[in-house]
Ligand SMILES: Nc1ncnc2c1ncn2[C@@H]1O[C@H](COP(=O)(O)OP(=O)(O)OP(=O)(O)O)[C@@H](O)[C@H]1O
Ligand SMILES: Nc1ncnc2c1ncn2[C@@H]1O[C@H](COP(=O)(O)OP(=O)(O)OP(=O)(O)O)[C@@H](O)[C@H]1O
Ligand SMILES: [Mg+2]
Ligand SMILES: [Mg+2]
Ligand SMILES: O=P([O-])([O-])[O-]
């Protein structure tokens, strides 16, 4: 009995349950539907839930447990000879020696975990009828085990089927007894639905916990190599040199300050582009532009936010960086071809719609009464905007600004492609710098060492990043909330 | 606009006692396709309080907003007809709308102080129009305006606190002070008390009575008792028409039109 | 809830002519820390129209919403005291709130038809409560309800058009039709005419008068003339207290409390 | 799982990918799944264990390190076959518009190291222009785009150029081992050497726009862009298939793939795949990998590798 | 209020004065300046967009055509089907390339010798045999016949033909020799070499050979990935939004959820990659490179965006509708299901589409879970290895062959087309269902 079929039958039973519950409700109402507590459909749903849900949960649970149990049974049931035959064909001589010594007594236990894995792959392939993929030398030896495997799978399938059916029918009978005109079917069904909603909203929390835990776990290991203070306050970042045996512990190799300053620098450049462009665009769109212009320009600007960051990366490195460099050289400035400026400018362009859309919203949220008040006193539009609307919308704009910054700080692909890896401690936008995200991507996708501080440092950086955005967000949220209270 | 001046004078001739401050002739207003006012003719005399009453949606606010061209800010709104201020067409390109609004101030239904300090609320207008330049001049303006609005004693110690922190009635008086700080000639008030409690309302009503000495005031109200208390003349609007206008006493005791009658006796609205 | 039943009966004893439909005893309502009602006691008789009047913010709506537990939907709102419907405590866990609301219907200030067809607007309630199952039964309900609401003739040809496409007054009558389609026993109306024009208002007032034959109606209004026109009894609220309740005639001509007097003569509000 | 899984070096990636594609096209086995993880990342996945969840082959642009070998052993990956597939030259190239240039390793070290020897002293690198390094070189600013430390190409560059280049200076030679290593291997960070990311093609495209800039990348990229770029002559030898294969060109390194013996016979097609990889048709001098820019091994070396593959001789623990 | 006696400028005198007029002119100048700033800002943003799009277009159009060479191939049955079973499964697939080469040698009978022949082979794609095989597979009756076939030229020839490699360069510095150029010119003259529309780009998956590479696998991978994302993120996101907006009591727990969601919306995408690596691959042991895993990571990533958009849409449904339904005796859940949710749906969908459009372009977190696999076939299911469009772009950008430069831009164009389509759909939805209450 395959799981799919079981699930299908369960769903069918559930549907039948719905129908049964419904007609039962109609029956007990004696034709006066209004005398029922709930509409008949709810009695149906109630029955359907009890018929289907527990059994489906069981199936889910079963799916997780079934494979390990069956594998254990199959391996333990194998005869020593067949294990030995397999080992002779598949294992290296050194391993074989060890195995054959033990095999007489406890066949499968003699195998190490990895060898079991291999043996199981073969058995599974055979059980699935794909003998062609198995070494012909062991096919015969494994045949009984494969048969056993298939048999167990069959038994498991049938037993889960039987248990499910019992649960489902039990649910049906139980709920049938419960159905009475006074029975609050709707409330019961709604309770289940609302619990489902709660479970969904907990996923957000689980995600956060997952992120924090997976970052924390590795970070703690990292801090066993490198002290926290050194990581947070060190002025020198060069993770690569530190892996060489003779340089481990050379002070400052994991000082993340240059990364922080680099991130700050690039974000600052980005904001210097995005803030004026975004804010002014928002003001123009919200206060000046005719409706038609607004409804075309706004989506066009939003395209900027939708363009994949890889594309921006190309744009930065192949189009903007050379322009910046040529301009700089013409002005007699020494511009690195990986300048923070180029990456920042492009990132700024990407962020424009975040600022413009959010600001547009907050500007629109400024109550019309304030505009009226200002116009009524004889102010021009720009005076009203600058002196009344912007101050009133300021908290909201600050909120937008903070969200945009956290976006800039977290942006990866643009900087990976355009900003480079040089961890320079500088605030010169014409120089090359690197950012936290670049380092994470580089450390994890590049040449990794086992268990090295170098690889683990990526997680520590991720943790820092997480907390920085957390703080920015909490601040932004506070600011926006304060703003909200004022006008609601 | 000779024609306009002529007309206005002609209309004024019937009540020769007072000079005409503003006048409307055949004012029609459209919101998109929909006509909200069907041709309003009315004269407003200097230093009087004119009350506009009428059931909800009859166009009182619309008319009021025509008088300082606040309707310009509504995209779909179109105004036809002639409105004059001191005999000059307010739609005349010579007369700037910003200037017009400085001369014809406005107070709204819901108090709408700017989210700034009380002081800044008051000096906002004067600073815009360059009524003063020095700090002490501004201080002077703030004090005078708040005194005239009867708010000085209540707020003089907290001029730098936000205006939004005041109570509703105080906020409304702040808005009035803000409006008179730019020395307007006419003040328009659109249901200035409807968001206020009885005590604050009484305060404002007293204030209106005093402001009448210096300004021409047009007030929209849905409260007939209020209209009776504060105004010298009353205009009754109904479904976009001005049904009648006259001395307040007369309108309330002896209306000529039966719709006015019906409204005043509470048959509808 | 023997106690409740007892009390109600006791109160009803003073006006023995009519059976008590709903009763409130010591109803206090809090919004967070703020107390909006300070203990209201009132009986509402079957097949009467009770008008609740009083200045803005005095708690009329709050009280009305207690009667079908609409206040449950406001998180910070807490209700104390006893309210009974046909002698049964409406907070009794035995009585499902959904059932309560089916028995005590509500019409709101602003007409709020669902953005669905007129037909669907009407059948929503009956379908929800399983009042009918067959198409012809629903058709029947739709027709009866619309007829009772005086809307049938105007909309019978466009039952499938959206309810939001009707005029304000029609929308409000649609909402009334929707409310009576579930055959409630009591209908609560919170300023049902304040968003309407005079003609629509007159329509609704007539309707209320007719509905009184079959339902108990409680109506909040800020319009005293309206209260006088449609209600048999009137309750005057002031700052969270019910100052007095009695025959409408008497309240308007001979109020016992001076606050009532002040309000009715237009001294505040 | 029925497909072969391959991870590893980005340098080896295009070659493996070509074999994968051919293998998928010409045999009935399903096409293997290939993922570029970098040499180290590949080793990490490869050595994580035996079984369906772990890759069968990893590519490497350097030999497996002892620490990696130990990790493999620890996780039960006991038998691993080391298979060399060819050589990769590292080009030092620049725009065609630039001047011809002929460099020695010592000059490269002088130009690119963080600290250099000037007049017998170890000082922070003062050279701003090539002519500062050696008057015979062009008077142009030093600007070199190179791979980041996470790449195998960088490792090879440091080992083959920097480490040997510095040896020519007596003051460096006399340093203590640790210090010497640091001086020799540390690239300068003042902007003259730019870590330009893992993407070699981007370096190539950027060289086009800046005629003073030089790039360090795999020879195959140079070979593919000969219309725009030219390779600098190192120690008198220009990079080409011939000079690299013969070992004349001094900056070249062997490329490897590592095979998990335990999976042979379990994962279908594994042995066939490796056999194809080192077969004449692929890795031979005229093979399709050569078309892709792989520098083929000399015939006798190839024959040896083919032998190893046939017998699946496991490798011994590397020395370092 | 005796303050009325206070001196004050005579009404009206000031506002019509000369000084006021002058001041007014200055104020209007400032007004015009301010408005101009706004226009400039928008112009800057739009210009950047245009430049960006132009660069891509300029680089990418070339990829849609390809040079093909017409060869007369003899489909020798013995070579193709050495076992003689007639069953295509037994064909020697490697032999097709030899057939192509033989045809080429026959086209140029005067070329002989190992080195010149090698150069001649350089004209035609090294994987031309694959094309031939596919055509023959479609019509096995061709075996044994001699037919004309249009087969792709090699990448270098293709680049020369498109002018991307300058043919006037000295021979040593271009990949195509003078000899090869002459052959090519001869073929062009005879009409045996021409540009054709590059259908392969749309029908093939990744390849090492630009003439054989296409986006199909990546597109299918992206579709699978988005499918997983939608299946997971939409219901969970909507359920969460509904719970928070309509049911949740205001307490610390829901505050926590709220802060969390807002925070997650701003967490760098790469951190989600780390999470996926640790949880889905490490803990749950799901396979690398699978659209399922990528979709799960992206779902987690776009969940907050969807929740926030959905909450905004739910908030926009006026409370009067809720009150109406509650007043009719609907339970809260019924109110939500019957009225609020259907009314909020357009808004929710708009938000979701925008979140998905962003998800579609996401690269960094996918690299962490191994979505940068080289797979030559579209994935057959949610668990089979696959690439996605943005990652395909990223991979091609690093490919050695010149042909990939334009393929990269072409793939970007396809990606952008998807994005603009999705954004367009969102705007359409927003427009269509825009509602005034
Ligand atoms: N911005 C607008 N767009 C479209 N129609 C409008 C607008 N403002 C007002 N109207 C319409 O114009 C008519 C007159 O409205 P107005 O606000 O002037 O009435 P009112 O007499 O002030 O009513 P109230 O006492 O309710 O304030 C009404 O029918 C109203 O619906
Ligand atoms: N949701 C709420 N939260 C907090 N306070 C509320 C809320 N609703 C009403 N109140 C307060 O309770 C008091 C009574 O309000 P209610 O709405 O009952 O007055 P009302 O008599 O209906 O006034 P109106 O005539 O303006 O409708 C008021 O002070 C009001 O501010
Ligand atoms: Mg109005
Ligand atoms: Mg109310
Ligand atoms: O990917 P690498 O070959 O540079 O390690």
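Each Cβ is built from the backbone N, Cα and C atoms, and glycine gets one as well.
Caution: TrEMBL annotation is automatic and unverified by curators.
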>> Of the residue ranges E:223-244, E:377-398, which one carries the transmembrane segment annotation in TrEMBL?
In response: E:223-244
> If you check TrEMBL, which stretch out of E:200-222, E:292-314 is marked transmembrane segment?
Replying inline: E:292-314
> Is the transmembrane segment (E:264-286) packed against any residues at least 6 beyond its ends, judged by a Cβ distance under 8 Å, and which are they?
Replying inline: 292-294, 296-298, 300-301, 303-305, 308, 362, 364-370, 383
> What stretch in E:34-57, E:223-244, E:292-314, E:410-429 has the biggest tally of Cβ pairs under 8 Å against the transmembrane segment (E:340-361)?
Replying inline: E:292-314
>> Counting only residues 6 or more past its boundaries, what in the same chain has a CB within less than 8 Å of a CB in the transmembrane segment (E:410-429)?
In response: 53, 56-57, 60-64, 201, 215, 218-219, 222, 346, 349-350, 353-354, 356-357, 360-361, 389-390, 392-393, 396
> Apart from its near flanks, which chain residues at least 6 from the ends of the transmembrane segment (E:34-57) lie with a Cβ under 8 angstroms of it?
Replying inline: 409, 412-413, 416
